[in-house]
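K.L.:
Next up is a structure, given as structure tokens.
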Amino acid sequence: MSSTTTITKAPKTRPPAAPINILDNDTAKLYTHIHPILVLSLYAFQFKSIVADPVPALLRTLIPLSVLQIAYVAICLPPTGSNATPVAPPKPGQKKKPVPGKLESGIQGKIIPAFLSLLLSTLAATPVLTITLILFGAPIATHHAHTLLCAAHISLLATLPLIYVHGVEGEKWREIVALLLPIDEVYGAMIGAVLGAWLGAVPIPLDWDREWQKWPVTIVTGAYTGFAVGKLVGGTLLKGKKISFE
Amino acid sequence: MRGRTILLTVANLLIPVAILVFATGFFPYKPFIPGLAEYEEIGNYAYKFGKAPDAPFNKLVFMVVDALRSDFVFGEHSGFRFTQSLIRSGTAIPFTAHATSPTITMPRVKAITTGSIPSFLDVILNFAESDTTSTLATQDTWLAQLKAMEGGKLVMYGDDTWLKLFPDFFERADGTSSFFVSDFTEVDDNVTRHVPEELLNSDWNAMIMHYLGLDHIGHKAGPNSPNMLPKQIEMDGIVQQIYEAIENEEHLSRTLFVLAGDHGMNDGGNHGGSAPGETSPALVFMSPKLKQITEGTDGYRCPTTPKADFDYYTKIEQSDIAPTLAGLLGFPVPRNNLGVFIPEFLHFWADGSDRIQLLLRNAKQILTIVKATFPAHNFKDKVQEMNCEGSLSSGEELSCKWQNVVQALETAAALHPKMRMDIIYSFCRTAQDIMSSTTSNYNVSRLILGTALAFLSFTLTMLSIRSKLSSISSTGIFYTLILLLYGILMFASSYVEEEQHFWYWSASAWFAYLFIAESRKEWFSKWVFHPAVMLLIVTRTLRRWNQTGQKHAGAPDIAHSTFLLHPLVLWSLVGAVYLDITIRLSRHIARSVMDPKKSREEKGYAELESGEGDRFVGMLAVFPLGATAFVFKLGFTAKDAPELVKGVNGGLFYWVGDLGLVGVARMVFVGLALSASWLVISEWRRTKMVKKGKESGGDLAVALFDLLSLFLITQTRAQNIPVYLLFRMQIFFLTLLNLTPTQITITTLLLTQTSFFALGNSNAISSIDLSNSYNGISGYNISAVGLLVFMSNWAGPVYWAIVGVLLLSGHPSSTPLYRDRYFDEQEIKEEVKDWVKEEREHLNEMLEKEVQRGREKGKKGDWEEHVALLTLWMGAGLGAVMCACTVLRTHLFIWTVFSPKFLFAMAWGVAYHLGVSVGLGGGIWWVGGW
């Protein structure tokens, strides 16, 4: 292997990761099914204006989307650390996530991590996704705002809930990237959104001369659709399954 | 094991068979009627004719201006002021002559001279011009007719396509060939300098001129190039010179002067397809005598605006030129003609019966072809009852139209001549439509058979790897998915045009997949520098190198960026590529010159790495080759694209000029051949001398690959050469990834395709780069030119096919560095501290393992599987293309999108897959095992 890269072996002692279960209350169980419908409706409602003028429309849509996503994670998902599986203690020097104190109310203990997840997904995940989009063929000299907003949408859809439930621990994210975690509705939604965005590129070269074929409408559409499908399939059919590469 | 090999061999052999069977059904060989047409008995009708009508002209000046689009002559911004004044004054009659696809010169010249509609097969023959089936020497053309006339002598100046099509036809000729598109002036001056003297000669009855400069300007800089208007003015000046000679010279008084474009050009200045710009060349008939037929009419406004895109004045078919010339110059219509006499010129004959006779001869000539095509139908020359109601097949419709003609002629009643003429025109035009529409010409059963054979090849390959199929892996799923998707996309015309998007898209996904797959095994803490991520970055850069396809052709890209095209930047990068390859080659030579026996005697063991002295000898031997290749590229570019070498010292070109580019290119090729044979011989000697235990480790395979890449670079345009640096980077990162054989095969597949498009190719005929097709060749040699054209257009795929083999056989195609890291036995035996000794032994062990792993890779089964997966791909891909062409054979885009794709698939299947991937790759694999 190249000498410029160092390799950290995965510690063998980690307990197997368990799929994320949604919170065990009626509101969570109900809202988790309403949420994708709301997200898709939001997108469908904004679709015309996104096609007409992508940049302002995508920017506008980010706000209701983040509200919906925050509501979803706060209502339905267990914040990081509260999960049944024990999390390795943070290494020295690593960014610490505030762990909700016992005295703090449940709402606060959820809302603050939710907002932190929003912040992290916007500030950290969006640039990474923007570069990924460009590597996958997004215009490099033009449409910068388009690509950035497209990445922002994908990161709100795909990474915000993941950060909320898994935190920012490096080892965890290595497992997330390497597709080693068992599938659940959060993980499924992420995979769905990313695959959807990738498949969204297929109609662009077709000669249908439709307005919606322009960058990045199909990518965002693919991400939203993939998010809903992945969330549904991940939470039901494939729940708990592991992805095998062999 | 045997059975597998046989299945695979048969599957591979089926590929060319499938292509051939399909091609014969798709491009049917049109039976042509041999011999020269003669005036025949016109037949005995109630309507009586006199003798053949007199011709108004006896001489012809036929001036072709390559790529003369209609608006260049008729538009507001035209430089053809004099020609326009002739059109206004009524001594010139303008047309837009519709050229059918493929809009490239040779098929167009065929259409103009024979009046037939050349088949798509002529595209291939255009690149194989010396093929005997493509010459028109034995066919009936207006040239043959004019030559056969009493005292007929032809002269020809300009594009040597004419000389190839009409060998030994011309009394005097001076052909110019278009080696360099950057040549705007010399190609035309070569023609113009003959004009004044020929206008004084009275011995010829036809003079043909073919100017190439305007086409070159188009290719180089498009229709809006600043050079375009001066060129048009220059051409107009020649028109004026000739026209004035016709007015003044007695012996030219009955001369018809035709100015024609063979095809047009699109907004990019290219042609070959069927965009309105490409299919609308200008056509002008000029003579003072034309005044007598335009007098009664309103005349023509000029300049004017087109009715639709480039559609000026009356639109005629290009094939109509042949019968019109026949009528105007008084010879029988060429036998294979499908053109119809242009109605405007009928006014030369005052007598209605003459006009009808002229048309009837035209119609009867077309009828012979119609009869040959529809032998089952009734085209009798007498009045009869026919059922012409309801929907008719093509044959029935023509049969009815002909019956109308017969009835009109058998009516003795005082019919207005116009009515009889309309009926004949109706027959001719319908015949022209039906005979030129291709739908009736497919041999559907062959199409289906060809497609079935391709799928049979696919099935046989499947059977040969059936043991692999039972285990499902993510790699297998990826392969299957892109195979399926590719098959589906072959039915979408826009994805055929924009095929590169599919490949870039799946290649990025593949590298992302490799990143994930590797991350599952071990995690790079610096994941940003993970080889797979680096591969993504390099692929993204390659993607930007050349914009291809239809939609984004001409969009900003690296190959045409002002940064790269700054001569200093460009030539530094090109120089780096040449330096890299020269150093690599020098190492190979160094290895070959050192004497293993000697080193064994001196040091007691056979050293495998060359010493300083050997390296010096190696460099000394290879440097001239590398330098010559570089100088050739520089000299070639100076001629082909002078703007790229601005500021480069002119002294260099003097000695290139002395030798001639052909000589320098030959020196490079001979140098390559000599180096290759030297390396093979010395390797063979070494394997005899060095004991079996020490294998060569595939050094010869790597050496041959490096020689091949120097050849490929020689066949690549200067602004694409830096791409080879990116290829090197890709190879480097690929060797860092620990790929399984199947993954190597898929990587090879994806990179062969992406590199094809990254080097600027697409599935359009106009994108074929011919600039490097004559390197080192002075005359015309079909196999050499064919090889060079293939190598220059498929340089990327050829390169990657061989890299794939090297990766598969475990020879890192970057230099085998690991040898330097061995500690030899002596060093270990030395008296050193124990832990140092242990450490050294441990390192040696690790290296052994690495080498072992390399050896494990080079198993025979891997090669078979590699070929099987590639054959599977080829069979399925070909099958999909053929299926799409069969199903969509009546599609609007069949001749513009799907047939070119099939032509490319032919090249991929036969030349690339069998010739390079299996043939050359197999050779390198075999050599690697020495």
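Cβ from N, Cα, C; glycine included.
All annotation found in TrEMBL is predicted automatically rather than curated by experts.
According to TrEMBL, the feature transmembrane segment maps to B:7-29, B:447-465, B:477-496, B:502-517, B:524-543, B:563-581, B:616-632, B:652-680, B:730-759, B:780-808, B:867-890, B:902-927. The domain 'GPI ethanolamine phosphate transferase 2 C-terminal' annotation in TrEMBL covers B:440-929.
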K.L.:
Flag the pair the transmembrane segment (B:502-517) / the transmembrane segment (B:730-759) as in contact if three or more Cβ pairs fall under 8 Å (sequence separation 6 or more).
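P.N.:
Contact between the transmembrane segment (B:502-517) and the transmembrane segment (B:730-759): present.
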K.L.:
On the 0 to 100 scale, where does the mean pLDDT of the domain 'GPI ethanolamine phosphate transferase 2 C-terminal' (B:440-929) fall?
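P.N.:
When the pLDDT values over the domain 'GPI ethanolamine phosphate transferase 2 C-terminal' (B:440-929) are averaged, the result is 83.
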K.L.:
So, do the transmembrane segment (B:780-808) and the transmembrane segment (B:730-759) meet, by the test of 3 or more Cβ pairs under 8 Å (sequence gap 6 or more)?
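P.N.:
Yes, the transmembrane segment (B:780-808) and the transmembrane segment (B:730-759) are in contact.
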K.L.:
By Cβ distance under 8 Å, which residues at least 6 away from the ends of the transmembrane segment (B:616-632) in the same chain are close to it?
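P.N.:
The answer is 574-575, 578-579, 581-583, 585-593, 610, 652, 656, 661, 664-665, 667-668, 671-672, 675, 710, 713-714, 775.
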K.L.:
Could you tell me what the rest of the chain brings near the transmembrane segment (B:447-465), counting residues at least six beyond its ends with Cβ under 8 Å?
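P.N.:
Residues packing against the transmembrane segment (B:447-465) from afar: 3-5, 7-8, 10-12, 14-15, 17-23, 25-26, 865, 868-869, 871-872, 874-876, 878-879, 882-883, 885-886, 889.
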K.L.:
Pairs 6 or more apart in sequence, C-beta under 8 angstroms, 3 or more of them: is that satisfied by the transmembrane segment (B:7-29) and the transmembrane segment (B:563-581)?
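P.N.:
The answer is no, given that the two segments have fewer than 3 Cβ pairs within the 8 Å cut-off.
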K.L.:
With an 8 Å cut-off on Cβ pairs and a sequence gap of 6 or more, do the transmembrane segment (B:730-759) and the transmembrane segment (B:867-890) reach 3 or more such pairs?
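P.N.:
Since 3 or more Cβ pairs under 8 Å link them, the transmembrane segment (B:730-759) and the transmembrane segment (B:867-890) do come into contact.
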